[in-house]
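Colleague: Here you go, one structure.
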Amino acid sequence: MNFFMDRLTIDLQKAGYSIEDPVIENISFSVKAGELVGLIGENGAGKSTTIKAILGQLPWMEGSVSVHTKGSVYGYVPERPVFYEELTVWEHIEYCGVMREIPNWEGQAKELVKTFRVEHYIHQLPHSLSKGTQQKIMIILALLPSPELLIVDEPFIGLDPRATKLLLRIIEQEREKGTGILMCTHVLDTAEKLCDKFILLSKGTMYTSGSLLDLQKKCQLPDGSLLDCFDYLIDEDPNYGLD
Amino acid sequence: MGWIEYIKRWRKAGKFQRKVIGMVIDWTVFLYLVIPVIIALAVIDYQLWQSPPAWTSFIPVHLFGLVFFYIAQFFSIRTYVEQADELFVIQKGDYYQSLLQLGKYFSVLKAMLAASILIFYFYPVFKTGYQLSIFTVLLILFYVVVWSLFRKLAARWFSLRGIIWRRRVFSVFEFMLYGIGMYGLFHHQLVFLSMMLPIFGAVVFFLKKERQPLRYFHAEAERERSEKWKWAVFLMVQSGEYEGIKKTRKYPLFNKQSQGIFSKRTPEHVLAEMYWKWHFRKGRHLKFYLYFVLFSFYALAVLPEKVQFFVLAFILFAGFKIQDGIWKSFITHPFTRNIGPINETSLVKGKRLAFLVLWLIPCGMLMIWALFV
């Protein structure tokens with residue numbers, strides 16, 4: 001496996017919901033095989049819009065998004081679990097497996113269901129489950145096609161400590177397998193431990209990027225945490241918050 | 001001077017309700033639903049005048065009269081009392097009282113109007129079908145108005161006092177009493193009078209000024225609030241904008257093991273199956289579609305043969321468009337969007353299979369019925 005190969009390349013000049021009102025601009029980065037990239041930024045910085053642009057769900061976009069995986073397959077875990085309220089968990093899994101034409105989806109699904117300990121819930125309707133269990137199902141659905149690229153939006157929200165630990169283990173396993181992971185998160189202390197690289201978004205544009213070491217150098221905070229660097233970079237900009 | 005304020009609030013409420021309806025009813029709804037319904041109702045009424053319907057020979061008139069019990073209820077008591085009236089209005093007892101009384105008197109007008117339209121529409125059935133005199137029809141009208149008023153005023157009385165369960169039990173008896181009175185009207189005048197007079201007395205009692213209206217001010221304001229938002233909430237729930245309060249079901253009905261319909265699990269079979277399951281379990285779309293099929297059936301049954309072909313073509317087209325709209329809301333659901341691109345061939349085949357059952361079979365049966373029966 002080529003661990004230096006890009007799984008995702010983004011070069012967005014402008015994107016948004018209409019041509020008159022671009023929400024994000026000048027965002028370009030890549031996610032390599034086996035790399036975990038953290039997309040961080042304040043509320044309203046444009047993280048979710050960037051993810052929507054990657055998924056092709058934005059009505060207007062100038063620039064390019066390239067997914068370099070087998071069959072352009074990726075796994076996506078949205079911030080809020082999204083289900084058909086009327087279909088059971090297993091029906092969702094089957095729908096996803098069959099429609100994406102995943103070979104041996106059933107065996108893979110059963111294994112993931114066992115790993116995430118949700119065997120008792122698979123024939124239930126999703127809205128009867130807790131937020132954390134719903135999030136686990138979303139992760140199962142994202143991992144079902146064994147994707148080479150995983151896009152995860154706020155994965156830790158609503159998960160109990162054991163599920164968080166399990167998710168961290170799975171992220172690590174996926175990374176070892178060569179999966180490129182783009183993770184959008186607010187949980188900076190976890191991101192600091194996990195991510196190889198960070199993309200800091202601010203006011204809809206890419207503010208800076210690099211590893212923790214790069215950020216520490218930029219901020220002249222050799223032992224600073226990701227939060228310290230984040231605070232420093234945001235506070236350093238005299239125009240920050242002024243529109 | 002309470003009536004000036006009442007009229008002002010009435011106009012404001014009317015404007016609000018028009019805006020609410022304007023949110024969902026556009027020209028397409030008029031084209032597909034409102035105009036065909038009005039035309040069909042007019043044609044049906046015209047036919048009723050031409051020849052009495054055959055069912056009048058075997059359905060007794062007092063049984064026919066039962067249907068008015070529910071359909072004459074299409075109005076509500078509105079006093080337009082608001083929570084903010086706590087600040088000024090309720091300090092003037094007479095002024096507040098006049099708002100309440102005007103609400104009741106307006107409801108008398110509304111009840112008379114609703115029942116009159118209804119009885120006028122069905123007048124040919126009474127006149128040519130059951131051959132009733134104008135006096136008897138007027139008596140039916142009066143009976144229906146009194147009962148409609150009684151039901152609405154009693155419902156308000158119970159709701160202000162927070163009586164819920166006894167009210168529900170009472171409403172079952174209401175229908176029985178109404179039925180007995182309706183039977184008495186045609187067969188036993190003494191029974192009719194003994195049912196009619198107490199109800200009429202109760203209506204007069206409810207219409208009287210309340211002794212301590214302030215005691216129920218908050219309940220009245222709350223009742224008014226829910227009346228104000230009734231249609232908005234209904235439309236928002238129907239359009240999916242608002243979920244409403246609903247029971248959380250753990251498993252789907254009759255399928256606790258996610259059993260599949262087809263043994264073959266190809267993408268098109270799974271897609272069609274998931275669409276049917278979603279469609280049936282959701283219920284809302286299905287209910288609308290079944291109403292459409294039922295209405296189409298009636299339209300084909302009553303319309304003259306000359307126009308049947310055009311109506312049938314319209315039904316097939318409208319049925320397809322309705323199913324197509326429902327399909328779109330299924331396939332553009334965020335879950336499907338999130339799973340990534342779906343094979344176009346599977347999508348087309350799945351849609352074809354799904355429509356075979358939900359569009360072609362019911363509409364085809366309607367077509368066969370129209371052509372051969």
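Backbone N, Cα and C define each Cβ position, glycine as well.
TrEMBL lists these features:
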| type | residues | note |
| --- | --- | --- |
| TRANSMEM | B:20-44 | transmembrane segment |
| TRANSMEM | B:59-81 | transmembrane segment |
| TRANSMEM | B:102-123 | transmembrane segment |
| TRANSMEM | B:129-149 | transmembrane segment |
| TRANSMEM | B:169-185 | transmembrane segment |
| TRANSMEM | B:191-207 | transmembrane segment |
| TRANSMEM | B:286-303 | transmembrane segment |
| TRANSMEM | B:309-327 | transmembrane segment |
| TRANSMEM | B:353-372 | transmembrane segment |
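I'd like these features described in context: how deep, what's nearby, how far apart.
Modeller: If you look at the transmembrane segment (B:169-185), the same-chain residues 6 or more away from its ends with a CB under 8 A from one of its CBs are 62, 65-66, 69, 136, 139-140, 143, 147, 150-151, 154, 158, 191-196, 199.
Residues 104-105, 108, 143, 146-147, 149-150, 153-154, 156-157, 177-178, 180-181, 183-185 of the same chain sit 6 or more residues outside the transmembrane segment (B:191-207) yet have a Cβ under 8 Å from a Cβ within it.
Proximity of distant same-chain residues to the transmembrane segment (B:309-327), defined by a Cβ-Cβ separation under 8 Å and at least 6 residues beyond the stretch ends, is recorded for 32, 36, 275, 279, 285, 288-289, 292-293, 296, 299-300, 303, 351, 354-355, 358-359, 362-363, 366-367, 370.
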Colleague: Would the transmembrane segment (B:286-303) and the transmembrane segment (B:20-44) count as touching if the test is at least 3 Cβ pairs under 8 Å, pairs 6 or more apart?
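Modeller: Yes, the stretches contact each other.
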Colleague: Please give the sequence-distant neighbours of the transmembrane segment (B:20-44): residues at least 6 beyond its ends with Cβ less than 8 Å from one of its Cβ atoms.
Modeller: 121, 231-232, 235, 238-239, 295, 298-299, 302-303, 314, 318, 321
Colleague: Can the transmembrane segment (B:59-81) be said to touch the transmembrane segment (B:129-149) if we require at least 3 CB pairs below 8 Å and skip pairs under 6 apart in sequence?
Modeller: yes
Colleague: So what's near the transmembrane segment (B:129-149) in sequence-distant terms, Cβ-Cβ under 8 Å and 6+ beyond its ends?
Modeller: 48, 52-53, 56, 61, 64-65, 68-69, 72-73, 75, 107-108, 111-112, 114-116, 118-119, 123, 174, 178, 181-182, 185, 196, 199-200, 203, 206
